Amino acid sequence: MGLTFTKLFSRLFAKKEMRILMVGLDAAGKTTILYKLKLGEIVTTIPTIGFNVETVEYKNISFTVWDVGGQDKIRPLWRHYFQNTQGLIFVVDSNDRERVVEARDELHRMLNEDELRDAVLLVFANKQDLPNAMNAAEITDKLGLHSLRQRHWYIQSTCATSGEGLYEGLDWLSNNIASKA
């Protein structure tokens, strides 16, 4: 009886670990998001060549977040990070109307990869503080998210510099990855 209770207790209260891959076009705000979540503050960033990886502790979950550079020359390297990814965060600059089609193409190219077939998708519609930013509904449309019938996805409006929307996104990820486990 005691052993059964111990197993149940540890299953309920043990820290869960989740591997998250965060990608998106260059200058979308990925690194700013990563360090806002990790440190709770805004850090000065430079374009990411390669990757940053940090562990973010939130609600008894340890998120290992891989932030991979988004410049067009290094996007082919994204595929090297796909294996064992449980959640995919795709960050979009909501103010960048000129490149939203490029963002859509990169997203759909990635989602066609077999190694990501089981990963849930969270889209961060970032930079919502800017006056010309597209709202989440417009980005949903422009990214063609409704066509993703076989994929569990969610879009969250965010502002990396204030932190608005970031933890709501982590809540969705934790609930939806946990339900698939």
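From the backbone N, Cα and C atoms, a Cβ is placed for every residue, glycine too.
These come from Swiss-Prot:
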- 24-31, 67-71, 126-129: GTP binding site (BINDING)
- Gly2: N-myristoyl glycine (LIPID)
DSSP-derived structure type at Val68 (GTP binding site), helix or strand or else coil: strand
Number of Cβ atoms other than its own within 10 Å, given for Ala27 (GTP binding site): 17
Among Gln71, Gln128, which are binding-site residues, the residue with the most C-beta atoms within 10 angstroms of its C-beta: Gln128
Sparsest-packed among the binding-site residues, when each Cβ's other Cβ atoms within 10 Å are tallied, from Gly24, Lys30, Val68: Val68
Secondary structure of Lys30 (GTP binding site) (DSSP, helix/strand/coil): helix
